[in-house]
Amino acid sequence: MEATQQEVLTAPEEQQAIELSGSAALLEALIIEGVSTIFGYPGGAIMPIYDALYDYKEKLNHILVRHEQGGIHAGQGYARSSGKVGVVFATSGPGATNLVTGLADAQIDSTPLVCITGQVFAHLLGTDAFQETDVINITTPVTKWNYQITDATEIPEVIAKAFYIARSGRPGPVLIDITKNAQIQKFAFKGYTPCHHIRSYRPKPIIRPKFIEQAAQVINEAKKPFILWGQGVILGKAEKEFTAFLKKSGIPAAWTIMGVGAIPTDHPQNVGMLGMHGNYGPNVLTNECDVLIAIGMRFDDRVTGRLDKYAKQAKVIHLDIDPAEIDKNVQTHVAVWGDCKETLPLLTQLIEEKQHTEWLEKFNDYARQENEALIDAELHPQTGEMTMGEVIDQLNQLTDGDAIVVTDVGQHQMVGCRYAKFNHTRSNITSGGLGTMGFALPAAIGAKFGAQQRTVVAVIGDGGFQMTIQELGTIMQSGVDVKILILNNRFLGMVRQWQELFNERRYSFVDIQSPDFVQVAKGYGIAGKTVTEREDLQSSLKEMLSNPGSFLLEVMVTKENNVFPMVPQGCSVSEIRLK
Amino acid sequence: MSSQDILPEGKQEFTITVYTENQIGLLNRIAIIFTRRKINIDSLNTSPSEIDSIHRFTIVINETEDVVRKLARQIEKQVEVLKVYFHTNTDIIWQEMALYKVPADMIAEKAPVERLLRENGARAVVIRKDYIVFETTGHREETENLIKVLQPYGLIEFVRSARIAIIKDSEGFNAKLREFEQREPGEEVSENEYLNQRDKVFTM
């Protein structure tokens, strides 16, 4: 829908100009860009846009959030589940500054967003006017692009540019700050032409066949090749191309938490999760493979552990759309610049069809060891309090891997990512790079609006839930159907785990008290219950999933359970601990 | 001991040349790339380039080649940046300009002005009753040398410009444009419109 809209437009010079306010021109532009849902919060400096929105209620569904941070995380959830650009409105000053966390989150996780902020009148800029902040300078480091509009005539061109930049190449957040006079000002609107080209912006680097040939040669000569894939596969909509590459190459593949779901969890070559709390095999064998093929991932420090001991024996092939990612953390042997949707088929064509059975079996061996030492006890405990893992396992059985799982940040996030099953792409939504607590509840609201036919389960810790708990109000008012699964261990669990392992159990301010979550939900008109006994878990999850609207299920889990395996900070990936 | 000798291991002076759109806020976007890595910019100049509407930043830093290469990629990633080059001092011709204000009476009475100016390639740009302003252009060591010479005569004020640099061997950015123009000539098209076909103009 986003790109095809241009067909209904005539070129600006052929159209008769109509007089519109800057605000109306903005909304017209959004409609042509295919926007149907906006998350936002009004305020003085964005009032003209909200006034215009009153006339567009039929075409633009505006979701009133309870805090701008909730608004932008909802926009992120929407973008991640739908593959479209998330749109967020906020007013000037505090409204705009409340977007900063979400912008930073979207920037590091490459999420396409267009945020529109109101700004004081142009003649007041720089005078410390009421609710004025220098939002352009504040947001520069955390946006892919930003721009301040001070004249309504700039609106069509700048909005077109904003959408093009947000969604093309490596996606990212764009912020457009519009002064109040530009929102009010009437001008001759000559139509809207979506942008497909900017002189100084090249979203995709040129594909260089020479390097694809080199990469194919290295892969063909490899005895123990290993694939690491990240969100680039999903952002590039290259799931099919990736599956074809896997099939022909026969190479085992492991994922970053941003990449999970690009292929089904039970794909025979999927050997699990990378990184600090990833699986045993992929971490250990990273330091044994002879060729490492990184696809659309950026070698985050949570994935690599100690860089000076990371895959030193391997030739590294890195496929990425962003040339700045190549050699940033890990030195590559062959760099394949480009959109992996285009480069993967070229590579697949040149590689020999192979089976790496023995090598793959080595991963399976490690998986068996991990199962025996750890996973079985985590997913199927017979005694004691419930574990986070068994809750996720039960959820898998009931959703059959078809749900969108939105996780917050902390222990439950790692457990969720490790154990949730996915059959479909765009099913795991989490704050990967920034690690933003408070992300999941609003992101789940957005995710549901972005994929209304799918079940959305927000898996949240008791700490993170309280960071954006006010978004229960958004659920109440919009009637969105989000299943909220709180894994309550009465601790800020991940920090507590680190304190236990590395700070001699000095539990400094991690013992967090929570309100009666079910009563809080009830106050917002949301049904809910608390589960304390294992025997009630499955029926309660069923009740949550079959409830016609939103439902909050709080599960009381073991207080001091740790997430393992773990690569302790400062260690190499092969030093991963099972206990 | 020259300034090169005291640099930390592996670091040397690099001149980064950035071709950009003439856009408000871009200076900040580029500066942030250095500040977030805690890299000090020794000198920064912005000016129009040889191509209409394209601006040119000349940035001098002391860093390792590996860091400079990564910085260049991060800068080139910015939406309004067209191209980034980086060079060591052996690859470029550069100049800095310096102004020196000295009391007129001291100079007139005591300094061997003619010799001083000749030896330092300086010239007087303002001569007033109370002070004289000299100007020199050259490398850092050259402009610094005149400070030492003028100090005993009561140097009142000194200012040095940022470095400007021309690439020695490469024909640089403009050549790529001209090559493209020869290969695919257009009718009454300005240089900027060739830039609209970036993929054919640039290699990365």
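Cβ from N, Cα, C; glycine included.
These features come from TrEMBL:
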type	residues	note
DOMAIN	A:22-136	domain 'Thiamine pyrophosphate enzyme N-terminal TPP-binding'
DOMAIN	A:212-345	domain 'Thiamine pyrophosphate enzyme central'
DOMAIN	A:408-555	domain 'Thiamine pyrophosphate enzyme TPP-binding'
Message: Is it possible to list how many residues within the domain 'Thiamine pyrophosphate enzyme central' (A:212-345) are helical, extended or coil according to DSSP?
response: 48 helix, 28 strand, 58 coil
Task: Helix, strand, coil: count each for the residues of the domain 'Thiamine pyrophosphate enzyme TPP-binding' (A:408-555), based on DSSP.
output: 64 helix, 24 strand, 60 coil
- request: Please average pLDDT over the domain 'Thiamine pyrophosphate enzyme N-terminal TPP-binding' (A:22-136) for the predicted structure.
  value: 97
- line: Using DSSP three-state counts, the residues of the domain 'Thiamine pyrophosphate enzyme N-terminal TPP-binding' (A:22-136) come to 57 helix, 20 strand, 38 coil
